[in-house]
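S.K.: Pulled these features from Swiss-Prot for this protein:
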type	residues	note
ACT_SITE	Tyr50	active site, proton donor
BINDING	His112	substrate binding site
BINDING	166-167, 215-224, 271-281	NAD(+) binding site
SITE	Lys79	site 'Lowers pKa of active site Tyr'
Amino acid sequence: MSPPTVKLNSGYDMPLVGFGLWKVNNDTCADQVYEAIKAGYRLFDGACDYGNEVEAGQGVARAIKEGIVKRSDLFIVSKLWNSFHDGERVEPIARKQLSDWGIDYFDLYIVHFPVSLKYVDPEVRYPPGWENAEGKVELGKATIQETWTAMESLVDKGLARSIGISNFSAQLLLDLLRYARIRPATLQIEHHPYLTQERLVTFAQREGIAVTAYSSFGPLSFLELSVKQAEGAPPLFEHPVIKDIAEKHGKTPAQVLLRWATQRGIAVIPKSNNPARLLQNLDVVGFDLEDGELKAISDLDKGLRFNDPPNYGLPITIF
């Protein structure tokens, strides 16, 4: 079972359903990636600050060695962390990440957040985070244009086939499009029924930029991080609207939430260490929701954002 794809403006095909590596434990990551490949997953969404790229690469290498897939069958995504936004820092960290994965190119390399932090040498702290080695948050001076120019050079050198952005507002995206030599192929955003961001999604898609949703299950991913906004939000899996639609179609609430996105052309990157749920999450294009059902889910929008630096006690305002 392999998911359908969406054609990127770079000319490459990106799977509509992938496996997200955020919060995948190091001791299980290699096996989870390997099992996901066996189940039919081809897109893996990583980032250097997830701290598990070496292990993810081990899972990929095992699957390739056993002949389950070729490298060309996979779509591997990673991200540029905020402390490497200076133009001269982009290529070195991308090369390190490629080495960690054990591959020679990324299918998609993304600017993780539209904010520059002061450089921290990977020898001092890696994986990186919002705070430096002294526990302080220090803003950098790199502009998005400087960073994007360096991202474009990764495409020129064959280190990334496509480049994209994440957590950008419509205003920042509009500005980026004014000077980009290579347009962003994708925009990755927090997107679930409590935060639909419909105008941003419409704008990106109108500009030929594919949208990928993260945290498709809303507050679920953030409960263990003690995000207060998540603790006070009703779980989407238990919401009557979602449960009723799932029961009608003979699907799980998770499948309904993922189909709500994919039916609107938005890619999703859920994760699971449960073999049955792995297959269920992949099987989210074999049924269609009615227009009224899509609207009922979208009407749950509260403008409720969970992945926001201030929610973690960080003194940075992005959104």
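Glycine too: its Cβ is placed from the backbone N, Cα and C atoms.
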S.K.: Based on Cα distances to Lys271 (NAD(+) binding site), point out the closest of the recorded positions Tyr50, Lys79, His112.
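M.R.: Comparing Cα positions, the closest of these recorded positions turns out to be Tyr50.
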S.K.: Of the recorded positions listed here (Tyr50, Lys79, His112), which is spatially closest to Arg277 (NAD(+) binding site) when Cα positions are compared?
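M.R.: Out of the listed candidates, the nearest Cα belongs to Tyr50.
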S.K.: Select the closest residue to Gln280 (NAD(+) binding site) from the following recorded positions, measuring between CA atoms: Tyr50, Lys79, His112.
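M.R.: That would be Tyr50, nearest by Cα distance.
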S.K.: Once the DSSP letters are reduced so that anything not helix or strand counts as coil, what is Tyr50 (active site, proton donor)?
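M.R.: Once the DSSP labels are grouped into three classes, Tyr50 (active site, proton donor) ends up as helix.
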S.K.: Ser166 (NAD(+) binding site): which of the recorded positions Tyr50, Lys79, His112 have a C-alpha within 10 angstroms of it?
M.R.: Lys79, His112
S.K.: Take the Cβ of His112 (substrate binding site) and count every other Cβ within 10 Å, whichever protein chain it belongs to.
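M.R.: Summing over all protein chains shown, His112 (substrate binding site) has 20 other Cβ atoms within 10 Å.
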S.K.: For Lys79, Lys271, listed as recorded positions, tell me which one has the smallest number of other Cβ atoms within 10 Å.
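M.R.: Minimum Cβ neighbour count within 10 Å, taken over the recorded positions Lys79, Lys271, occurs at Lys271.
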S.K.: Can you tell me which of the recorded positions Tyr50, Lys79, His112 is spatially closest to Asn274 (NAD(+) binding site)? Compare CA atoms only.
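M.R.: For Asn274 (NAD(+) binding site), the closest Cα among Tyr50, Lys79, His112 is found at Tyr50.
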S.K.: Which entry in the list of binding-site residues, Ser166, Ser216, Gln280, has its Cβ near the fewest other Cβ atoms, using 10 Å as the limit?
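M.R.: Least crowded of the binding-site residues Ser166, Ser216, Gln280, by Cβ count within 10 Å, is Gln280.
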S.K.: Which three-state DSSP class does Lys79 (site 'Lowers pKa of active site Tyr') fall into?
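M.R.: Going by the DSSP assignment, Lys79 (site 'Lowers pKa of active site Tyr') falls within a strand, counted as strand.
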S.K.: Would you list, in sequence order, the recorded positions among Tyr50, Lys79, Ser216, Pro219, Phe222 whose CA lies within 10 Å of the CA of the residue listed as 'substrate binding site'?
M.R.: Lys79
S.K.: According to DSSP, which of helix, strand or coil covers Gln280 (NAD(+) binding site)?
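M.R.: The three-state answer is helix.
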